[in-house]
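Feature list (source: TrEMBL):
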DOMAIN    13-195  domain 'UmuC'
BINDING   D17, D113  Mg(2+) binding site
SITE      Y22  site 'Substrate discrimination'
ACT_SITE  E114  active site
Amino acid sequence: MAEPGEHIIHRKIIHIDMDAFYASVEQRDNPELRGKPLVVGGLPEGRGGVVATASYEARKFGIRSAMPSKTAQKLCPDALFVRPRFAEYKEVSRCIREIFSRYTDLIEPLSLDEAYLDVTDDKLNIGSAIEIAKQIKQAIKDELHLTASAGVSINKFVAKIASDINKPDGLTFIGPSSIQNFMEKLPVEKFHGVGKVTAQKMKGMNLHTGLDLKQLNEDEMIRHFGKAGRFYYQIVRGIDNRAVQPHRETKSMGAEDTFAYDLTETDEMHLELDKLAQKVVERLQKYQLKGRTLTLKIKYSDFKQITRNQSFSAPIADLETIQQTAKQLLANTEQDKKIRLLGISLSNFNEVVMPVKDDYGQLKLF
C-alpha cells in the first residue's frame, strides 16, 4: 500500500467548520447573550427538547449537542435557552458559501456550518491553501462577524481532523511530511469511523494509538474489524483518496450503535433507542429536515438483521414522536431474542439535502 507522498501529491484540501454556529449567530445578533452560557434548541420546560448547539461558555459546564434540554439546565441552571432560527442560519450559510465560491467551485457542504473545499486549482491563482484558508476566515470575520476553524491538508480525512485541533478560530496545517507522525500519535477513538464499541475492542487488543494500529497488516485488520478494517488500514496511514463532491445527495439520515454486550431487557433497549433518537434529532435540526418514513434496524446476536418502518402523512422531526415510534416498532418484533445492534433512520425528506457523511505537493504549495 502506498504511503502519502507516493500518489495524488497535488491535492490541497481545506475543511472549514464554523465555531458553535447557531449559538454564535444568536450572540452576534443579540448583545445581551454575549459572554453568557447559551443553549440553542428546545426549551427545557417543553417535552422532548434537545440541545442543537451550545455556546463555548455553556460547553464549560458539560453541555453538548443532542443532550436533552432538561439535562442541560441541570448542568447549568443559569444557562439561557433560545429556540433555533433556521431561516437565519440558512441565510448565513448561503453567505459563507458565497465566500467559498470566490476561491473554488469544488465545495462539498456537510451541513450548514461545515464544508470541504478543494483548492488545488483555485480561481484566484493564489496557490497556497494556507493563505486561502486565512483569507476565508478573515472574510467570514469581517463580513459576517463570526469565526471559523480551518484544517488544511492533502485529503479530506486529515483536513477534518486538523480543523478540530485549535478551535475556536483556529487554523491548522498538517503537511505531507507531518502526517505519519501525527497519525501515529492519534488516539484510536479520534479516527473518524471508529465508534465506541470498536474503540473498546481495539483497546482490549492493546491498540491505543495510530502507531499501534499500524502494526497490523491489511489482512489482520479485515480479520479483526471486517470490511471496515480496510478503511482503518488506509486512514491510519493518512490515505484518503475521496474526492470533494459538490453535488452529492442523501436519501436518509440516522444513527445506530453496536453494543458491547447483547441487550436482553426491554428497558435497556428503550434507553438505547432514546439515545439514538436524540442523535437523529440533532442531525435533522442541523439540516432543517423532516421526514415521512421512520425505519428501525435490528441486528440480533445470531447476526440476523431486520428492519421495520412506519410512514406518516406529515413529515416528522420531533424527539418524542421518533422515540415512541421506534419503541412501537420494536414491540412488533420477536421479544425473546438478544439484540446486538439498534438503529433509527428517517427518510422521505421534505427537501433534498447534502449528506452528513463523512468520504500532495511541495510544502510551499500549501
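We number each residue from 1, going along the chain as drawn.
Cβ coordinates are placed from backbone N, Cα and C, and glycine is handled just like the others.
Feature annotations (TrEMBL) mapped to structure.
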residue : record                          : Cβ neighbours (10 Å)
D17     : Mg(2+) binding site             : 20
Y22     : site 'Substrate discrimination' : 29
D113    : Mg(2+) binding site             : 23
E114    : active site                     : 22
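Cα-Cα distance from D113 (Mg(2+) binding site) to Y22 (site 'Substrate discrimination'): 9 Å (rounded to the nearest whole number).
Counting in whole angstrom, the residue listed as 'active site' lies 5 from D17 (Mg(2+) binding site) by their C-alpha atoms.
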